[in-house]
Ligand code: ATP
C-alpha cells in the first residue's frame, strides 16, 4: 500500500493491513520472514573507501611521486640497481601506509557501529530491546521521552506525546501527536500528526505505535541522499599537524636544495647529488606523521572502549586531556541507582523498612515493632499508590515476573512475600526509583498483579525532570482516582489535604512544616525522598490534562530510599583532585540528599558551597561567574540550569565535561567541551548530542577516559619528538658535510632506508606507550597549548643537533683514520645515525630522561628497536645487500665508536637532567585567574 495514505486510515485498519496484533505484536518467526523480505531497517550508506582505493591512494602522495621521478631518472641513466631499490622502498612504504590507514579506517567504522540505535519492540507479547536495524513493517514498538523514532510509524496510543521533527520538516517546535485519523490525502508531513517519522525525536510523553515503513522506504530514506554528510572527524591537532607538515616540506626542500647546490659546488657528481637530494627530501619530510597520529588516536579510542568509554567524536579525545571540571549527575553515575526504600513517613509516624536491594523480603517496623501495612489504611494507600503510579517491572533473575499468588498467599499469612526457604532474587526493568516502590509493595504482599483486577489505568502523565513528578488516573469500582508521586517540596504545592491519623484533613501550615521536617531528616541521611498523593475524581470532573489531574491532592506520606554510592567513585574523585580536575555534582535530587552524598564521596570540601535550583535562578550571570569556582553541588536543578552552569564555567576558563541522560540535557551536553551521555539509562537524544558515551554509566569511566585522553596526547608528542629529532639529525649531517666540502656521509639508499625502517616502527610503538606514572598527578593541559610546549621544541632541536653532530663526528674520525676507505666511514655514519635514533626513542618516552623510566616496559617498542637493529645488521653484513646499500663489514673498533657516539645525545642530556635534580620544575597551572566574566585562559605560573 502506498505510504501516502497511512494517515487517512483508522488504527484498526492499519493494524489489519499490516497483518499484526496491536497488543502482542508479530511473532519472532514472522518478524524474521518480513526482515528477509523487506531488508534491514537502515538508510543505505554513503560510499565507503574500498581497500584497493586506499592502497592506490598511498601512491598519490607528493613524496612518492618525487621518488617515482627519481626511479625513472636512475633507470634512464642506467643505474638499474638504484632504480630497483628505490622502487622497492616505494612499494614497502605504500604497503606500510596502507596497513596504517586501513586499521585506522576500520576502527573508526567500528566506533560508528557501536553507537547504533536500538528500539523497544513487542514480539510474541513481550517487550524486548532490539537493534533498530531489525525492525520490520508490522512491528509494534514502544516510545518514550528521549527516544529517536526508529522507523516510520502510525501511533496507536499516545500519552502527552511531543515529537521534534526538525530533521525532516525543519520545524524545531515539537509537534503534539495524536491517534485520530486525518482525512486530507495530501496533508504535508508536518501535519500528519498521527504518524511518526524515522530519525525524529520524542521530546515528551510515551507512545505505542505500529511500524509502517522501514529503511529506504521511510520519509527519511527518500531524502537520505541529501542528508548524507561525510564527517571527516579530523581533530584540531590533526589540522595543526597538517599545517606544520606543509611548513616542514618547504623547509626541508629549501635545505635540500642548499645541500645539493653545496655538494655540486664542492665537486660532487651531479647524479649522486640529485639522488642524495631526493632521498634527503623524502627522509626529512615527516609524511608518515598524519597516519601515525590517526593510528595513535584510533588505538587510544579502542583502549577507551575496553575501559567502557565510547568516543563518538574523535576531536574529544584531545579535549579530554584538557578537562578541568567534570559536572556529573548524581543518580546512577556517582551512585549505583539501586534504590531500596528504607524509611516511610505517614500520618506523623516514621517507619523503617528492612531488606536488601531488590529482594522482595523485608518488614515494615515502627520502633522495632512489626507493622502489617495492609491493616493500616494510610500505609496501605501509600504502598498502593507506589505500585499503581509505576511503570517498572519486577523480574526474577531467571526472567519471570514475581508470582503474585505466592506473594498474596504469603501476605495472607502475615509474612513477607515468601518464606526464606524459597528465596528468590529479583531485578528491575525500568526506573529504579519506581522499582524500589514495587519491591516495597511486594514486601507487604502488594504487587501490580494483585491490584490489576481492581484498578485499571486510564491515563498517564509521565515523569519528567522538569515537573519532577508522575501521575496516573485509574478506574476503581466505577470511580476514578488520581495517583501521584514526586519530589516532596514540589508536590506539596499540589496538595490541599493530608492523611493524618486515618482521616483526610486540610493541609495546614503546621502539618506542612511537619512533613517538610520529615523530608529533610530523611534527605540528610542521603535518602532520596518521594512524596505520594491521591485524589478521588468526581464523576463529571475532567482529568485530561496534568493541571486538571494534579490539583487538590491528598498527601499520603513519604518514602525515603537509599542509593549507595558506587564503590570505585571515591577513588576516582581523589584521582581527579590530584589531577587538578574539579568534580561538581549536578542533580535533580534534594539539596540535603545531594550534600550528604557529596560529603560521603569527597566531592564537597570543607569550604565548598552547595546551592539549589531556586538560588541559581535568582543569580545573575555575573554573580554566578564570581561564585561558580566555590560551588561543588547544584541540587534540585532543572535541566536547563545545566546550560547556564556549563557556560559560566567556560567563561571562567574551564574546559568542562558534562554528563546528562535526558532529552532536556542535550543543550548542555552539546555546549560542554566534552558532552557525556549515559549508555544504559541515556536517551537517544542525549547520546546524539554527546561526544562520549559511558557504556556503564559510571563516573569512574570518565576519569579513565580522561587518563587515556591525556596519554594519547602525550604519546603523540612522544613520536613527534622522535620523528622530528631524527629528521633534524639526518638533514644536519648532510648539510654540514656539504657546507664543509666533505664527502657524502650517507649514500642516498641509506637515507631512504633510515626513513623507512628506523622511523616507522618505533614511532608506532611510541603511539601505544603506557603512560608515565604521574600522568594523573599533573594539572590539566591548557586547551590552547602548543604541541611543542613544555620544552618539546627544545628537546627536538637539541637532540636532533646532537644526533647530527655525533654522526658526523663518527664519520669524520673514521675517515681520518682510513682516508681511502669512504665506504667504511659511510657505514659507520649510517650505523651511528640509526643507533642514535634507536637509543633516543627510549628517551622520548619520558618527559625527564631515559633514566626516569623502565626501558623494557613498552614491549612493542623493544621489539621494534630489536627488529630495526636486526635489519641494520643485515644491511651491513649480508653479502648480497652490501652492494645495494654500499655498506662494508664493521669491526669491534668501529662498533665501539658507533655506540659511543650514538649514546652521547641521549645519555649526555639524561645525565644533565639527573644532575639538575630530575625534571625541570613543572609549571603550576592556576585556573580562573582572569578577570571575572572574561573568557580567561588558565594562568601559568
Ligand atoms: P541526577 O540523575 O540528575 O543526579 P536525579 O536522578 O536524582 O538526578 P531526577 O531524576 O530529575 O534527578 O529526579 C528529581 C526528583 O524527582 C527526585 O528527587 C524525586 O523526588 C523525583 N522523582 C524521581 N524519579 C521519579 C519518578 N519515577 N516518579 C516520580 N518522581 C520521581
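A Cβ is built for glycine as well, from the same backbone N, Cα and C atoms used for every other residue.
Positions annotated as domain 'Cation-transporting P-type ATPase N-terminal' by TrEMBL: 5-79. Under the heading transmembrane segment, TrEMBL lists 59-77, 83-99, 247-265, 271-299, 719-740, 746-768, 796-815, 821-839, 860-880, 895-915.
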The transmembrane segment (821-839) in contact with the transmembrane segment (719-740), cutoff 8 A, at least 3 CB pairs, sep 6+:
yes
Average pLDDT across the domain 'Cation-transporting P-type ATPase N-terminal' (5-79)?
82
How many of the residues that make up the domain 'Cation-transporting P-type ATPase N-terminal' (5-79) does DSSP mark as helix, as strand and as coil?
47 helix, 1 strand, 27 coil
Near the transmembrane segment (719-740), which residues from the same chain, at least 6 beyond its ends, have a CB less than 8 A from one of its CBs?
241, 248, 252, 255, 258-260, 262-263, 266, 268, 276, 280, 283-286, 288-289, 292, 296, 746, 751, 754-755, 758-759, 762-764, 766-767, 787, 792, 795-797, 799-805, 807-808, 811, 829, 833, 836-837, 840-841, 844
Which sequence-distant residues neighbour the transmembrane segment (746-768)? Criterion: at least 6 residues beyond either end, Cβ under 8 Å.
82, 85-86, 89, 92-93, 96, 100, 272, 275-276, 278-280, 282-283, 288, 292, 295-296, 299, 715-716, 718-719, 722-723, 726, 730, 733-734, 826, 829-830, 833-834, 837-838, 841, 844-845, 858, 860-861, 863-865, 867-868, 871-872, 875, 884-887
When you look at the transmembrane segment (796-815) alongside the transmembrane segment (895-915), do they share 3+ Cβ pairs under 8 Å, ignoring any pair fewer than 6 residues apart in sequence?
yes
For the transmembrane segment (796-815), what are the same-chain contacts with Cβ under 8 Å, counting residues 6+ beyond its ends?
720-721, 724-733, 736-737, 742-743, 745, 788, 821-822, 824-826, 828-829, 832-833, 836-837, 840, 843, 894, 897-898, 901-902, 904-906, 908-909
